[in-house]
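Engineer: The structure's right below; bear with me while I get my questions together.
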Amino acid sequence: MLPSLHDILDQHTYKWIFFGGKGGVGKTTTSSSFSVLMAETRPNEKFLLLSTDPAHNISDAFDQKFGKAPTQVSGIPNLYAMEVDASNEMKSAVEAVQKETGSAADNDAESKSEGDMFGGLNDLITCASSFIKDGTFPGMDEMWSFINLIKLIDTNEYSTVIFDTAPTGHTLRFLELPETVNKVLEIFTRLKDNMGGMLSMVMQTMGLSQNDIFGLIDKTYPKIDVVKRISAEFRDPSLCTFVGVCIPEFLSLYETERLVQRLAVLDMDCHAIVINFVLDANAATPCSMCRSRARMQNKYIDQINELYDDFNIVLSPLRHDEVRGIANLRDYAETLIKPYRFCWSANPDPSSAK
């Protein structure tokens, strides 16, 4: 396979491109640089870089402030970026429902619970109570990112959406959301249709009304048919691909393997891995620590090449300066499509140095 992302750049059918991996491996730099590359290579199309990481970094990468609405990247008229603010947006939705229904969850709702008499339904309503009361629930960041994605589909404004994802665990939850949302919608629909009386009684014991929960669902959750469409597109290798990002160290390699295996279970395409922070050092390098680190890195690079022999493996060198601003992002992007020639590629045995 080619040691570059050129095939992804050249395939114009991609609607969704994800960059993900362990925290601190350069996902934001890689996704931001690739979005610049795509936009400047295809100036007649519009692209969006969407951060789904609660700890957003794309504003820092571009040295430009981005928010919850798509904002044009300075100097690149066909590239937009946005950072999903899940907490504030979800609370706004909650407040809108409370205003419409004229109610709000009782802060002491949990004390009114009748214990476990309703089993799993009680747990579901407890979660909904938190949802209504303060606009938070487990997985909220991933959920709101997914809801924003649904909105983007409806506009059909961008040729490709590039995702700067959160660390692996968050990302996997996000990728599983189409199926999860579909199940949640079906559960609530069945509850509403078949258990209206019991549901109303349980919610009353918790200081809630059906209007609270179902009103909020109507405002936030997408329609089932759109969710199914997203699920199908994520699994279509002509429309969606995932680029793993890692560094040549054990923990990052382990996390990458976990990610690739899970993507296979989700039936999502992943055929490229970018390895960042690779030392350009060999046996002739005067720095003993550099030689030692290069020896360690090369061991893991060899393992990655062996594990993923049918993947595009891209090596990006450790840089003297941080990658920040358009000029530096462009410079970094070059290593994604033009293989960098490391000094050890001519003399590939830094381990010979003691």
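Cβ coordinates come from backbone N, Cα and C, glycine included.
So Swiss-Prot lists these for the protein:
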- K22, G23, G24, V25, G26, K27, T28, T29, E249, N276: ATP binding site (BINDING)
- D53: active site (ACT_SITE)
- C287, C290: Zn(2+) binding site (BINDING)
Engineer: Using Cβ atoms only, which residues of the same chain lie under 8 Å from E249 (ATP binding site) while being at least 6 residues apart in sequence?
Structural biologist: M296, Q297, Y300
Engineer: Please report the three-state DSSP label of G24 (ATP binding site).
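Structural biologist: Looking at the DSSP assignment, G24 (ATP binding site) belongs to neither helix nor strand, so coil.
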Engineer: Could you check the binding-site residues G24, G26 and say which one's CB has the most other CB atoms within 10 Å?
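Structural biologist: It comes out as G26.
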Engineer: For T28 (ATP binding site) and C290 (Zn(2+) binding site), what Cα-Cα distance in Å is obtained after rounding to a whole number?
Structural biologist: 25
Engineer: Can you grab the distance from the residue listed as 'active site' over to K22 (ATP binding site)? Cα atoms, rounded to a whole Å.
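Structural biologist: Spelling it out, the Cα of the residue listed as 'active site' and the Cα of K22 (ATP binding site) are 12 Å apart.
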Engineer: Tell me which of the binding-site residues C287, C290 sits in the most Cβ-dense spot, judged by other Cβ atoms within 10 Å.
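Structural biologist: Answer returned by the neighbour count: C290.
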Engineer: With an 8 Å cut-off on Cβ-Cβ distance and a minimum sequence separation of at least 6, pull the same-chain contacts of K22 (ATP binding site), or say none.
Structural biologist: P167, T168, C246, I247, L251, S252, E255, T256
Engineer: If you measure G26 (ATP binding site) to C290 (Zn(2+) binding site) at Cα, how many Å is it?
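Structural biologist: For G26 (ATP binding site) versus C290 (Zn(2+) binding site), the Cα atoms are 20 Å apart.
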Engineer: Sorry to bug you, but what's the C-alpha spacing from G24 (ATP binding site) to C287 (Zn(2+) binding site), rounded to the closest Å?
Structural biologist: 25
Engineer: For the C-alpha pair, I'd like the distance in angstrom between G24 (ATP binding site) and C290 (Zn(2+) binding site), rounded off.
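Structural biologist: G24 (ATP binding site) to C290 (Zn(2+) binding site), Cα-Cα distance: 20 Å.
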Engineer: Over all pairs within K22, G23, G24, V25, G26, K27, T28, T29, E249, N276, the annotated ATP binders, what is the largest Cα to Cα distance, rounded to whole Å?
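Structural biologist: Largest Cα to Cα distance for the ATP-binding set is 19 Å.
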Engineer: In terms of DSSP three-state secondary structure, what is the assignment for C290 (Zn(2+) binding site)?
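Structural biologist: Its secondary structure by DSSP: helix.
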